[in-house]
Structures are given as C-alpha cells and as structure tokens.
Amino acid sequence: MDPAITAADVLEACGGADNVTGNAVCMTRLRLVLKDPSRVDTDRLETLHGVLGVRRRGASGVEVVFGPAIVDAIGREFSSRTDLPLERKTAKAITQMTASGVRNVDHLHSTHRYGGADASSAPQGDDGLDKLRQLLESPGALTNDKGANRTTTTGPTALVLNGPNLNLLGVREPDIYGRETYDDLVHLVERAGRDLGFSKVACFQSNHEGVLVDRIQQALGTYDGIVFNPAAYTHTSIALLDALKAVGVPTVEVHISDVPAREAFRQVSYVRDACIDTVIGEGLEGYAHALAILKQHLDKKKGA
Ligand SMILES: O=C1C[C@@](O)(C(=O)O)C[C@@H](O)[C@@H]1O
C-alpha cells in the first residue's frame with residue numbers, strides 16, 4: 001500500500017483539504033477534525049485500501065483506523081496535503097479524553113465507548129436482546145475457536161486468547177466494551193496480524209479457566225507469542241499466571257476497558273507478572289497495539 005495514494009484518497013473522501021481543520025494520529029488511527037462533517041463520504045472511506053474501520057467522533061470528528069504499522073506514514077502524508085501540523089496522541093492522552101467524556105458523543109457507525117467507573121451499561125432494547133440471542137445460539141459461541149489464519153509465509157505466529165464473556169462483545173455492557181462483536185474483533189486481529197507481518201494469528205475464546213490453561217499449555221512450541229485478555233480471570237486466576245510462567249511464551253496482556261478507572265476489585269492482575277507488557281483502555285484497537293508490541297519483542301529476540 002502506498003501511503004501517499006491512500007492519504008490522497010482519504011482526503012478526497014473527507015471533502016478535500018479545505019474541509020479539514022485538525023490532523024492527529026494515535027497508535028492505530030488517523031483522527032481528523034472537519035469543518036463540515038456532512039461532506040465526509042464514510043462508505044467510500046471504508047472501502048479504501050488499508051482502512052480497517054471508520055468512526056464518527058463528536059460533532060466534527062472522524063477517525064480512520066489503519067493499524068499501527070502504517071498510521072504514522074498516512075498522518076505525515078495527510079499533514080503535507082493539508083498544511084496542518086501532525087499531532088501525536090499518546091495512549092495516556094486518549095485515556096484522558098475518554099475519562100473526560102470526549103468519546104461519549106454522536107457516533108455514526110457504532111457506539112464505541114470504553115471504560116469509566118461511572119459507565120452504566122446493559123444490552124439496549126430488543127435489538128440488544130436479539131443480538132445476545134444470536135450470539136448465544138451461534139455454533140461454537142461458548143468456545144469460540146476461530147482457528148488459525150495464515151497471513152504470510154514468513155514471520156512469527158501468535159495466539160490471541162480471550163477469556164469469559166468476551167464472546168458477548170457487542171451486546172455485553174456496550175457503554176463499557178463498545179458495540180463491536182467478537183467477530184469484529186477477530187477480523188481486526190486478522191488484519192493487524194497481516195499488516196504487522198505475522199505468518200499466522202489464531203483467535204480463541206473460552207468461558208472456562210481450565211480450557212484457557214490448556215490453550216496456554218498447547219501454545220508451547222506452537223505459537224511464538226500470545227496476546228491475552230483473561231477478562232474476569234485477570235483478577236482471580238493464579239492458575240492462568242502459573243500456566244503462562246510454565247510455558248514462558250512471550251505474552252502481552254490486553255484489556256478493552258480502562259480498568260484502572262473501574263472498581264477496586266479489578267485493580268489486581270495476577271497474570272501481569274508473567275507478561276512482557278499490558279495494553280489498557282484502547283478498545284478493540286488495543287489488540288492491534290498488543291500485537292505490535294509482541295511483534296517488536298519477537299523481532300528483537302530473533303535479532304539478539
Ligand atoms: O471481562 C472483562 C473484560 C476486561 O478484561 C477488559 O477487556 O476490559 C476487564 C475485566 O475487568 C473484565 O472482567
């Protein structure tokens with residue numbers, strides 16, 4: 001993908017340079033502020049090569065998700081085409097924006113709010129109940145093994161492991177975890193894995209602690225690294241900590257919500273001790289960030 005061509009296409013779909021008043025990048029997204037948001041062609045944006053997703057933010061913001069491997073190059077290209085400085089938003093700044101409510105406004109495609117101790121949440125109305133029913137009735141819903149997705153022939157392999165209730169993403173407390181589903185997460189992970197140069201990324205979800213222990217054990221000799229959201233077991237499971245320590249497969253812990261801003265009982269992570277890093281409060285894109293950290297670690301290890 002040529003960042004110059006993609007940036008030009010994005011700019012055109014956003015109504016041209018005179019419609020853009022702010023240009024920033026975070027770990028995975030181009031964050032734009034627009035004079036007239038009605039001039040943004042969201043359908044076109046979503047089909048552009050390299051674009052993983054599009055979100056409206058507030059009255060005048062649009063975020064275009066690219067993944068960590070290319071977002072910076074796109075931001076620089078965008079900056080030179082709009083004559084606007086490129087701001088770089090850190091994960092901390094985004095967490096602060098989230099905490100101060102900047103995210104909690106008008107979203108066109110999906111309501112996508114993460115974290116916050118005060119977030120009230122429940123599946124909304126009939127639509128939420130229908131989605132919940134569909135998720136529970138879908139085959140493999142309770143042990144959602146999406147199998148291995150071969151991306152390229154070289155490069156390391158990763159297992160993306162998800163714990164209890166994450167199969168219900170999309171209907172589960174959407175004010176905290178957003179409206180994207182577990183399938184959306186699998187697609188995001190597959191794309192990020194491909195962009196980052198993994199040869200294989202497999203997703204697996206289970207509601208059962210012992211099944212997760214088994215998967216961690218099976219990862220030894222099968223996968224080069226693990227991205228792990230142990231969900232509620234984060235705060236309780238010595239068995240998962242022991243399994244990670246036993247196999248010694250490099251693992252990045254990830255949490256969708258801003259766990260430090262939530263209840264006291266969520267402030268402990270047993271698994272953290274066995275992880276090389278932790279990504280918190282970045283929504284589903286946090287998994288792409290975690291894969292990027294893992295890839296960097298594995299590349300360094302290979303070069304060492
Ligand atoms: O199930 C989850 C999800 C979570 O791990 C997250 O991704 O934000 C946070 C946990 O406290 C919670 O039990």
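Even glycines carry a Cβ here, placed using N, Cα and C.
These numbers come from a predicted model, not from an experiment.
According to TrEMBL, the feature domain 'PTS EIIB type-1' maps to 4-88. The active site, phosphocysteine intermediate annotation in TrEMBL covers C26. As annotated by TrEMBL, region 'Disordered' applies to 111-130. The site 'Transition state stabilizer' annotation in TrEMBL covers R172. The feature active site, proton acceptor is assigned by TrEMBL to Y177. For N229, H235, D242, I256, S257, R266, the entry in TrEMBL reads substrate binding site. Under the heading active site, proton donor, TrEMBL lists H255.
Structure with TrEMBL features highlighted.
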residue : record                                    : Cβ within 10 Å
C26     : active site, phosphocysteine intermediate : 23
R172    : site 'Transition state stabilizer'        : 21
Y177    : active site, proton acceptor              : 24
N229    : substrate binding site                    : 23
H235    : substrate binding site                    : 16
D242    : substrate binding site                    : 15
H255    : active site, proton donor                 : 23
I256    : substrate binding site                    : 26
S257    : substrate binding site                    : 24
R266    : substrate binding site                    : 16
Quick note, Y177 (active site, proton acceptor) and R266 (substrate binding site): C-alpha atoms separated, nearest Å, by 15
Out of N229, H255, R266, which of these recorded positions is nearest the residue listed as 'active site, phosphocysteine intermediate' by C-alpha distance? H255
Measure from the CA atom of the residue listed as 'active site, proton donor' to the CA atom of N229 (substrate binding site) and give the result in Å, rounded to a whole number. 6
Which three-state DSSP class does the residue listed as 'active site, proton donor' fall into? strand
Per DSSP (three-state), H235 (substrate binding site) is helix
By Cα geometry, the one of the recorded positions (H235, D242, H255, I256, R266) nearest R172 (site 'Transition state stabilizer') is I256
Rounded to the nearest Å, what's the C-alpha distance separating R266 (substrate binding site) and the residue listed as 'active site, proton donor'? Just drop the number here, would you? 11
Where the criterion is a Cβ under 6 Å from an atom of ligand 1, which of the recorded positions C26, R172, Y177, D242 meet it? none
